[in-house]
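Some notes on the structure that comes next.
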């Protein structure tokens, strides 16, 4: 094998030597391509696995933790929730519509392959600077429009509601946008399917769309940095067909009602290669496949192309022997391709045939369960010492600061984005996008509700990689709790830069430690997730972005707690302590273009007590609304609540310094109290500090010296984002 071919497959010298040992010979091109895909960062997690192993993954309600297509938790009444989040960052930067659309398609397959009907989508999106007339700003607006359109197109065509998410902007994402997709499905607790291929002689069946050449090398592409030399990568981006996926989902759900199969696996990154190796690897078995039987969309396709294509809307099934015809009939009924292409063996080898000739043979274990694990060097970034002491350069009056922060893209209403998503299809949505806090859907079969919230502050993770990641877990859980639901588990999508940079690996290692700590202390285990590395262009990495989605259960769907004002005359209480913390805050970034400071540690007892107080007070019927205090502090949280509800507020907030109304002290919430005596008793019981700061009502927004007309600030809040993004329209 010549060095140029090996290099083109991103295989280094050490890895190639290992391949020679495993095979006892030189690999052919097909085998080299398979090693390249399965040992890529995207498939093998070789740089990250060392740090993921310590994640808390168990609890009485966890049915399936990491290692399967998606995580599963028991949500009561014989129902389980199946959920996961994944990235499609690199494809979305190259071709935003198809990249984002197929990201949605892939995460949907991960969920419904477990036997669940998908009932909710969410997303976590990061773009660069969108304001202004620079070439970069125009490109970022183009990327945003394309990615959002792709997400909406796929989810809407599938008939699955997109119920929430988060979108933020920062210059660190100018060279790499982040598109993280989340999906959640429901299944009976005793009807879950797994991705395994066992039982000697059991048939292996290919189902779904035909295989084409789209997406070739996608897993390897997603395991590399961008540079000027590799930006013509459109052929590596998959092309999605949501209508084909809808048929595939319905066919699979029909199949799951029968007793015909042993296991099923989505063909995602690395296509037929990853699905076959993963299924056999989990079961410790072998597999034979006749590649000439794979349904092909294009003429003249080679075994290499068939194994590594990432054409969408495809699954691999291990059926029970004798049930082949029944499986095929179901998929033919739904007008999908279905062919028996192989069988399970006890060889521990993947044997690949082409018109009867053996064209590839590789041991399965070294490419699945025993793939290489790297121990990359780490180094604490030098910049941390340079930014740790935050100095606010000068005083700015609060009215000026308020109007400046209100116009920030992070704060502005994102109706331009979420209006492209159908949030109400399936008629289960209780709280949809645009109303702050967690998204909430009902479980019709049980009368319960599921709350889910996406959260991550990249600036905080840049300033303090460990505490920032822990805060993402805690803040996502707090949003869920503010709806009245108890947070039960999380899924993560860990977006970092180039792992070959020791400072990036240090950020990643610290982020994992923060997640471990927060999940352990808050009793919200990790049940699924994804790692996306190489979010780096020309040596510049994105801010560390460990995106978290927390999922919780409210035993009574009718007792969902609003996040915005519900009526005039309700007392507004602030829960938690305001300490004047501006590290990584929007205040210093927006006003002074500074990102720095030192984050304070999380007091997990106080965080958990805040959750439990709000949940208990909601059950007691003494709350009208609850909203987590986040970016922009009390001032921005209150302003958004007023604008969305159309109800003003009269607030007086005792602070040590005037600008503390914008501080981002952690573990705080704003609640509307309908019985002050009863609420005071509960707050004392849970040991949560509280302060009455005002009352809802009127057509003004007043907070200390800020005195604004509600209609005027609402026009800014609701219209300014569209004005920014639609400049070229």
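Please read every residue number as a count from 1 along the shown chain.
Placed from the backbone N, Cα and C atoms, the Cβ positions cover glycine too.
Swiss-Prot has this to say about the protein:
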type     : residues                                     : note
ACT_SITE : 42                                           : active site
BINDING  : 45, 84, 492, 529                             : ATP binding site
BINDING  : 86, 530                                      : Mg(2+) 1 binding site
BINDING  : 87, 88, 89, 90, 109, 238, 310, 311, 312, 532 : substrate binding site
ACT_SITE : 88                                           : active site, proton acceptor
BINDING  : 110, 266                                     : Mg(2+) 2 binding site
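Applying an 8 A CB threshold to same-chain residues 6+ apart, the list for residue 492 (ATP binding site) reads 85, 515, 526, 529, 530, 546, 547, 548, 549. Annotated pair residue 310 (substrate binding site) and residue 266 (Mg(2+) 2 binding site), C-alpha to C-alpha distance, rounded: 11 Å. Of the chain residues outside the ATP site list 45, 84, 492, 529, 52, 66, 85, 86, 491, 493, 494, 526, 528, 530, 531 have their Cβ within 8 Å of the site's Cβ mean position. The closest partner of the residue listed as 'active site, proton acceptor' among the recorded positions, by CA position, is 42; the full candidate set was 42, 45, 266, 312. Distance from the CA of residue 110 (Mg(2+) 2 binding site) to the CA of residue 87 (substrate binding site) is 13 Å. Cα spacing between residue 89 (substrate binding site) and residue 45 (ATP binding site): 16 Å, rounded to the nearest whole number.
Cα distances from residue 84 (ATP binding site) to the binding-site residues 109, 110, 266 are smallest for 110. With respect to residue 312 (substrate binding site), the closest of these recorded positions in Cα terms is 266, chosen from 42, 45, 110, 266.
In terms of Cα distance, the recorded positions that sit within 10 Å of residue 109 (substrate binding site) are 266, chosen from 42, 45, 86, 266.
Cβ neighbour count for residue 529 (ATP binding site): 24 (other Cβ atoms within 10 Å of its Cβ, all protein chains included). Note: the CA-CA distance between residue 86 (Mg(2+) 1 binding site) and residue 110 (Mg(2+) 2 binding site) rounds to 10 Å. The two recorded residues, residue 110 (Mg(2+) 2 binding site) and residue 45 (ATP binding site), show a Cα separation of 18 Å. Take 87, 88, 89, 90, 109, 238, 310, 311, 312, 532, the residues named in the record as contacts for substrate: the widest Cα to Cα gap among them comes to 20 Å. On a Cα basis, residue 266 (Mg(2+) 2 binding site) lies 18 Å away from residue 45 (ATP binding site).
Put simply, the two farthest-apart Cα atoms among 45, 84, 492, 529, the recorded binders of ATP, are 17 Å from each other. In the structure shown, across all protein chains, 310 is the one of the binding-site residues 86, 110, 266, 310 with the greatest number of other Cβ atoms within 10 Å. It is 15 Å from the Cα atom of residue 266 (Mg(2+) 2 binding site) to that of residue 42 (active site).
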